[in-house]
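Annotated in Swiss-Prot:
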BINDING   Gly8, Arg11, Arg91, Arg137, Arg140  ATP binding site
BINDING   Gly8, Arg11, Arg91, Arg137, Arg140  CTP binding site
BINDING   Asp21, Asp23  Mg(2+) binding site
DOMAIN    228-329  domain 'HD'
Amino acid sequence: MQIFLVGGAVRDQLLQLKVKDRDYVVIAATPDKLLKLGFQQVGKDFPVFIHPQTGDEYALARTERKKGSGHNGFECYAGLDVTLTEDLKRRDLTINAIAQSPQGELIDPYHGLQDIQTKTLRHISTAFSEDPLRVLRVARFAARFYDLGFKIAPETLDLMRSLSSSGELNHLTAERVWQETANALKTNNPQIYFQVLRDCGALPLLFPEIEALFGVPAPKKWHPEIDTGIHTLMVVEQSVKLSDSLAFRFACLVHDLGKALTPKELWPSHKGHGKLGLQLINNLCERLKIPNECRELACLVSEHHTLIHKGLELEADSLITLMDQNDAWRKPERFSQMLQCCVADSKGRTGFEEKDYPSADYIWRAFQVAQLVDVQPIIKQGYQGAEIKAQLKHARIRSVEQYKQKHSV
């Protein structure tokens, strides 16, 4: 029995990145042998075991043969005769197919070290085309390693295009699509993930709502980049500078979906696009089983971002109504995230990247002032039920009116 460290742990060590998970491959062993050593078996499709002390994953060396459609359409063989080279060959990219022995020796049959040096994301063999999930994985790696200068090999991008046009992407489960997308949104360059999906023809299949934004113009005065799809990716890029929250970055991604529904004869104006986008956001979230936290923030941002952009002009009662509609009193953190999404929206425009966006701070300070209003004096005056709520709103409006007088722009 031989054990090798494989995959992402070896790759990240070589890239001098922090190693999160360590996965091992076990050569010439049986499930019974590992169970006797105290390992716990998990997974039904192929033999994976959890180390009793470290919790690391140990998988028996295996080969895979395509027998059906989609990411799970494989038949696995984990016999004693499967070699390390055969096990590494089934992996997606050369940089993920390097193994390390307990003595530190690197085993690199598919030239992953060379591709690390040249910053290339390259498939190992044409078997790459058998697994549609690899389109999303490569796009995610392109986003994750973009800052390091990694690029997708042209021939690998060609295979990704072939996969996109083959119909195989239709067999991916919603959960896997969202898992890869969520992980991509957590990288430093999530916009690259969506750009790669577009470059290989996968975006219209997986995210038709986002694909539909490309080619939709906005007024040049406010959007020098003009194209709404380009603007969307710029906003996603800006989102990274403001928050690492998944819900926040997703809301930035989908804030303008409604612009795709504007009749062409009304272009480049998009009046009411925020509310128009709500159904598209809900459809996308239903289809990919996206968490409610992401959906809720995304819908609020879509519906209210154009109003927030006019925050400096809003009367006190409009500001309090905005806070009421967004449940800011009970969910101040979400309200703050919503305002910051509008910062990303403003800065996600050509030439506006470094420009101030005072509206968010202005509204947030108004909210903090309104929050200080004490309900107890209202209750002591004898108001009850809905009257308390109405009087509290009036008191908050008065406090914001005073704030506006002191901070008039």
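Any Cβ shown, glycine's included, is placed from N, Cα and C.
Recorded features from Swiss-Prot, shown on the structure.
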{"residue": "Gly8", "record": "ATP binding site", "DSSP (3 states)": "helix"}
{"residue": "Asp21", "record": "Mg(2+) binding site", "DSSP (3 states)": "coil"}
{"residue": "Arg91", "record": "ATP binding site", "DSSP (3 states)": "coil"}
{"residue": "Arg137", "record": "ATP binding site", "DSSP (3 states)": "helix"}
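For the pair formed by Arg140 (ATP binding site) and Asp23 (Mg(2+) binding site), distance between Cα atoms is given as 19 Å, rounded to the nearest Å.
Binding of ATP is attributed in the record to Gly8, Arg11, Arg91, Arg137, Arg140, and the widest Cα separation among these residues amounts to 16 Å. Candidate binding-site residues: Gly8, Arg11, Arg91, Arg137. Nearest to Asp23 (Mg(2+) binding site) by Cα distance: Gly8. Counting every protein chain shown, the Cβ of Asp23 (Mg(2+) binding site) has 16 other Cβ atoms within 10 Å. Within 8 A of the CB centroid of the ATP site residues Gly8, Arg11, Arg91, Arg137, Arg140, the other residues of that chain are Gly7, Asp92, Leu93, Ile95, Asn96, Phe141.
Across the residues of the domain 'HD' (228-329), the predicted structure has a mean pLDDT of 98. With a cut-off of 8 Å between CB atoms and residues at least 6 apart in sequence, the same chain places Asp92, Glu180 near Arg137 (ATP binding site), listed in sequence order.
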